[in-house]
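As structure tokens, the structure follows; a few thoughts come after it.
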Amino acid sequence: MSHKDRRGNSSNDGSSFKLNETFTSSEVEVKPTFESMGLREELLRGIFNYGFEKPSAIQQRAILPIIKGRDTIAQAQSGTGKTATFSIGALQCVEVNVRSPQVLILSPTRELAQQIQKVALALSEFMNIQVHACVGGKNLSDDVKKLETGVHIVSGTPGRVLDMITRKSLPTRHIKMMILDEADEMLSLGFQQQINDVYRYLPNGTQIVLVSATLTQDVVSMTEKFMTKPVRILLKRDELTLDGIKQFFVSVEKEDWKFGTLCDIYDSLTITQAVIFCNTKKKVDQLTEQMRDANFTVASMHGDMVQKEREEIIKSFRSGENRVLITTDILARGIDVQQVSLVINYDLPIDRENYIHRIGRSGRFGRKGVAINFVKNSDIRILRDIEQFYSTQIDEMPVNFASII
């Protein structure tokens, strides 16, 4: 056995850290440009072709440790460029002439796994690299066929990836890196055992990259199991709310008043695109029906819809065909919709840690955005808790809000 025992033990030589530690390892270099990272020429072309000019804060710090083969913990939330961070790191390490999976990326939802595939394919446009999305809701035989042709990177959900590995359709002997994206969400959804099982199939010494918006105790425990002397790139909590996003709340005395408030906001804004979050599938359906009855054009999406339908809805929203999308937290994790300028929390998130994921839909990469929270009298305590948790201030929305957005 090497330093990483397939039973899930790791002799990490004091590299574990406490939950409240929020620092970046002193060894982390800041690379101000992509050119200074020593990346392949064809990968650089893909990066610039994708529209990146200057690396974001997380990219400046995390790409180098990843391409140097270090186990890496990156605390980063939606809108920071984290997907491109680990995608660039993975693409730099792939040997193009080895037509077998070399990088495995696990994420909590099908949509996120497919989004990661799209980003990796776009960045590798000039590299002749095959990236496959291995997710549930699709025909097993399609996965088997694609994997048989030889792919370099697999982006998938833990259940389907484990299924493919146990069927011997996804060979693991050449895997050199496993990336765990949205690790906090994967654990909260109960994927811990499946991730452990996938890990046991990997070669000894596989590099682990873990990305998480929040470092819960479960995430910290996972790093201690899987990682050896990880490089840590951690942000202080008060840096977690994205710059450039104005946050407001609107007092609505009771639930019945929310709809009228939403209609008022809809009328007074020239919105590029907006996402409206509700806490339940039932509420999404009810609100969608109400909005359509009032002659507003809206789309809606939640987890009860079949995969194909969800993909069509995201596609039409991305293309701008639908301006307003009503959804549950299924969209709050990493679906990159560039034009979103407004997020409305019709319901405050049940889990305060989801607040950052929801408002991260707007203002991506420096684009300005607005988050509006509907707050019933009984929600005031939750709002204050969110403010305290993120060391941020959420102001009451002024009467002339349309002019300051």
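Just so it is clear, glycine is given a Cβ too, placed from its N, Cα and C backbone atoms.
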Segment assigned the feature motif 'DEAD box' in Swiss-Prot (from 21-24, 145-148, 181-184, 285-288): 181-184
With the ranges 32-60, 293-321, 351-379 to choose from, which does Swiss-Prot describe as motif 'Q motif'? 32-60
Can you work out the mean pLDDT of the predicted model over the motif 'Q motif' (32-60)? 89
If we skip the immediate neighbours and take only residues 6+ beyond the ends of the motif 'Q motif' (32-60), which ones have a Cβ under 8 Å from one of its Cβ atoms? 67, 74, 76, 80-82, 84-85, 88, 91-92, 119, 122-127, 233, 365
T83 (ATP binding site) CB neighbourhood, other CB atoms within 10 A: 25
